Structure formats: structure tokens, C-alpha cells
Amino acid sequence: MTTREAGKLPLRTVLGRLLPYASPYRLGLLLATLLLAARLVMDIGLAAIQQLFIDTINSADMDSLLRLSVIVASACVVIILCLMLQHYYRFVVQSRMSWDLRAALFNKTHRLPFRQIQSMHSGDLTSRNTKDAEAAMGTVSSIIYDLSYNLLLCFVSFLYLASMDVWLALLALGSGPVVFFSSRFFDRKLRQLSTRIYEAEAQLRGILQETLQGVKIVRAFSLETMLQDKYAAERTRLNRLLLRHALLTTLLWNSAAFINNLVMVVCAGFIAYSAIKGGTSAGEVLAFIILMGRVQWPFVHMSQTWGGVQQSLGAADRVFSVLDAPSEDDIPHGHRSLHSETAPDESAALTIHGAYYSYSAAPNDQTPLFRDLNLHIRHSETVALVGPSGSGKTTLMRMCCGLLRPDAGHVSVYGHSASGGLAELRSRITYVPQSPYLFSGTIRDNIAFSSDVVSDEEIREAARLAGADDFIQKLPAGYETLIGEHGTGLSGGQRQRIAIARAFLRNAPLLLLDEATSALDNESEQLVQQSLDRLMQNRTTLVIAHRLSTVRNATRIIVLDKGAVAEEGTHDSLLSSNGVYAELYRLQFKEPEAEAIL
Ligand SMILES: Nc1ncnc2c1ncn2[C@@H]1O[C@H](COP(=O)(O)OP(=O)(O)OP(=O)(O)O)[C@@H](O)[C@H]1O
């Protein structure tokens, strides 16, 4: 994506960004952290218990042994209960924090500029929203719990150990940082590798998504083998990365374990020597060895899990590069400033004034698609937009909806420009695309977009005006019929009429319409056309015209060519001027029966 490069945020920054998500759950977090004390009692207590057991066995005192057994068994029950509670709170807090982060990402996705969404693969965005967000939160959780627990364990074990032998305790403690810092050699490599693994996983997800979304084309063109090969190649790349990651992790783990064991052997040698000399009991030797492990363990554990933290940091980078991307409302308006910003004309339904637009990311593209484009549509006009393929019709429509912002100049709808707030601008527009998108859910929800404010009567009226009521009534559950993803279960014409019913209900004054053509058969086309005619009544309409009837009935036809308005006028006047429109008419609109009419 066009935002910050992944793999760059330091741990401190990532934690600073993620910790506020813990704030609403601080009580649960505190409880889960306090309950870690049970684990501490178990870990430290084990050394003391073993020491007591061995020394009691050596003294052959049966009463003491019985008492000790009962105390230890009761303590075990309490500790296990505390640990279960700790796991529960840890899980609840972490999953809620993850959900909040995912919700923030989901909400941000709605505010990302349209161009940015177009430039990203949906599989990549899905990965960031799911796996990456979970992994990022895993970092916070493991750092909070593991770090606090390990520090505490190290401190208490050291004190216990020091009460037996200060010098050996200091040696065990001193070896810890050596273990930890020697493993940091692998950090950068691991983090880079992790970022690449996340990206490769997102690629794989993308291929799977495309396979499912394009299933008709895949089957019709027998693309299965091609896609399988593509998937296998990506999988092989991911496997290679995973293998390198596993090798690095093994190196990291074993180097930490090696240094740790070396110190253990030296210390064990000293304490065994002291026992032979008679200064230390067998129970104390055992307790000493266990406690020495406890002092060193936090460092070994941290150096081993640090790899996982690096991995999560890679995921956090990918999450924050979405969260930190500018929202569509934040994009500066008209950065070229070739024209002075004039106040929007409130008497006009749609005004495009001095608009420049370029798809190129280069700030001073010399060949923009639109160069000083001007358009003025009055209230109640029906304007047909025509032009050769690639002339900029779709781009112009997207600019009207505020999906694309002009690099210079402005667009205003009934006096509201994008700079005054996109929501305001869009509330005055109804957009009916060529192939409408239906969400999975009931037909009712698809017409009303789940709005509870709209009554069933209003929904029915909108469907009736759109010519959809009849077929909806015949469906098994009428308006409550569930439709699948993308509107599966409905014909193309039925989907279009549901989209038109939506437009009736929205009742915005400006209608932007991209007419459907070949996707519909004659009967469906007629039904859809009748619905559209009703929708266009008493509304200002800008329509990308694909039908002859539309251009003939339009108040005005605007002909776009190479990103500029080439001609403007009525059907007859444009035909007689014999320019771009006349040529287009011959190629695109001319129908055998139209000859007779003209
Ligand atoms: N996302 C994009 N990135 C870069 N260039 C683009 C993008 N979308 C469109 N274009 C280019 O902008 C120009 C205008 O495209 P647009 O889709 O607006 O034309 P159109 O008139 O609607 O074409 P058609 O009638 O074929 O749908 C084309 O040259 C196209 O290649």
C-alpha cells in the first residue's frame, strides 16, 4: 500500500499504540496479572517442597510427612483454581482487545480513499483485519503477562537462592542478560522474515478469494490448472520463508539454551562440591538446582519468545499502516491550485468547475485524464453522458460521488462540495450502477439497507415503483427471503430492480445512473427501463447512456472524448454536426429499427 513501509515501527511505539486498547479492560487485566501469583507460588514452592520432602524422608518422620502431604495437596487445588481463573481472564481480555482493534480497522476501511482500496488486494486487507490484528494483540498480551511474571519469578528466586549462596546466585543472575542479549543478533532478520511471511500468506488468501469470486470464469475458461499452479508457486515461496524462519528460530533457541546450560553445569559443580564437603544437605542441593533454573528461566524464555514478539511487530506494522493512512475526508482538496476556489453554485444540481484529474501518483503529471473540465447540470435536467471507451465517463461519475477527488477545481452537488464533507454531498445523490451489489441478507434489508426507520409500507411502495413487488411477493418468504452473497438466487433484472427500489427509498435529488445493457434479455431490459423511467421523473439525472432511447429522451447529451467535453447538445443537433457523437451513434447506438424512426 502507499503508506509507511512495513517493518519500521519500534517496539516502544507499537506498545504505546496498542496499550490504549487495554484501558477499558484494566480491571480484568489487573486480575489476570495478580492471579499470576499462583503460578509464582507453584514455581518457587516446588523447590521448597522438594527440599522439605527429601529432608523429611531423610529424618524418617511419618507425622511430618503426612502433614506436609495434606498441605501440599490442598495448596495444589487452590493454585490450580487460580490458574484456571487466570487463563479465563487472560483469554477474555485478549480477545476483547483484539476485537476492538479489528473493529477500528474495519471502521477505518470504510474511510480509506476509494483509490487506495482499489490499489490493495482484498485478500491483503482481509489478512490485516484478521490474522495480523490478532498477532499484534498477542504481543501486548504476552509482553504484559510474560514480562511481569518473568521479572517477578527471577527476583523472588534470586532472593531465595541468595539466602543459600550469594556468589552462585549472582553468577546465575549474571548469565541471564548474556543469554538474552546474545539472541538479539537474530531480531532484525526475524522481523523482516515475519513481515514477508505475512505478505505471502495474504497473497495466498488473495488467490483463494479470486478463485471463489471468479468461479464462473474459472470453470468456463478451464483456469483451474493455471490457478493451481499459481497457488502452488505461492505456497512454495511461503514454505521457503517458513523454513528459513524455523531455522533461525532453532538457532536462537539453541544458542540461548547452550549458554544457559553451561552456567548451570558450572554452578551445579560448585554446589555438588559443597555437598560432598558436608556443608549442604541433599534437599538443599535439589532446591538450589531448581531455583537456579528459575533465576535463569526468565532470560531464556524471553530470548526464545522474543522471536514471536518480532513476528507480531511485523503484523502490527501492517495493521498500523492501514490505521495511519489518511481518510478520504483528510485528502487535501485540489492540490494543484490552478484555479481559484469559487463558491459552489447553489442554483445548480451538479457543477464541475475547472476539474483536473490524473490517475498517476506523480504530483505534476503532464497528461491528466481531465484538464479544466467544466460541467453544469440544472435541476430536473436529464443529461446523457456518452463517449468512446476510456474517455472518462466512469471516472467522472466517481468524481461526482466524491469517490475520486479532483486534483484541482471542484465538484458540487446542490451547493455542497466535497470539501464541505463527503457525507453531506453523498446524501444528495443516488447512484445506480450497471451491476448493482446486493448484500447477503433479506430482500427487505437490501432495499432498506437495514434501516429500522423505514416502514414496511414504504419498502413495498418503493419495490412497487421499481417493478419489483410482484416477483418479491412470489418468492417463498416474500420480503424476508434470504438472498446469498452478491444476490445469488435472483436474476440480473431482479437484482437491478431491487437496486432501483433502493434508489426510490433514498429519494435523493440527483440520480447518477450507469445503464445496464447486454447483461439483460429483452423482457428484463424493458421492465428495468420502465422502472428507471419512473425513477428519473422529477429528478435530476446524469446517466452514462448505453441505450438509444436514453440519449434520444435526454434534455442534453454531453459527449466526452479524451477526458474533455467534446460536444454538447440534443440528439438531432449532434447528429447534424457530424462529429464524435455522430460517429459514436453509428458504432454504438444504431439499431436496425432506429433507422426508421430517425
Ligand atoms: N484505477 C485506475 N488507474 C489508472 N488508470 C485508470 C484507472 N481507472 C481508469 N483508468 C484510466 O482512465 C481512463 C478513463 O477510464 P474510465 O473508466 O473513466 O473510462 P470510461 O469512459 O468509463 O470507459 P468505458 O466506457 O470503457 O467504461 C482510461 O484510459 C483508463 O485506462
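Each residue, glycine too, has its Cβ placed from N, Cα and C.
Residues 65, 68, 72, 75, 78-79, 82-83, 85-86, 89-90, 92-93, 144-145, 148-149, 152-153, 156-157, 160, 283-284, 286-287, 290-291, 294 of the same chain lie 6+ residues outside the transmembrane segment (27-53) yet bring a C-beta within less than 8 angstroms of a C-beta in it. Annotation comment: TrEMBL describes 27-53 (among others) as transmembrane segment.
As annotated by TrEMBL, domain 'ABC transmembrane type-1' applies to 30-311.
Summarising the annotation, TrEMBL assigns transmembrane segment to 65-89 (among others).
Sequence-distant neighbours of the transmembrane segment (143-161) (same chain, 6+ residues past either end, Cβ-Cβ under 8 Å): 15, 22, 29, 32-33, 36, 39-40, 43-44, 47-48, 90, 168-169, 172-173, 176, 288, 291-292, 294-295, 297-299, 301-302, 305, 309. The annotation transmembrane segment is assigned in TrEMBL to 143-161 (among others).
Residues or ranges marked as transmembrane segment by TrEMBL: 167-186 (among others). Remote same-chain residues near the transmembrane segment (167-186) are listed as 154, 158, 161, 248, 251-252, 255-256, 259-260, 262-263, 266-267, 270-271, 288, 292, 295-296, 298-300, 302-304, 306-307 (criterion: CB distance under 8 Å, separation of at least six residues from the stretch ends).
Summarising the annotation, TrEMBL assigns transmembrane segment to 246-273 (among others).
Look at TrEMBL and you will find 350-587 tagged as domain 'ABC transporter'.
As a whole-number mean, the pLDDT of the domain 'ABC transporter' (350-587) in this prediction is 86. Within the chain carrying the transmembrane segment (246-273), a Cβ under 8 angstroms from the stretch's Cβ atoms is held by residues 165, 168, 171-172, 175, 178-180, 182-183, 186, 189-190, 193, 280, 285, 288-289, 292-293, 296, 299-300, 303-304, 306-307, all 6 or more beyond its ends.
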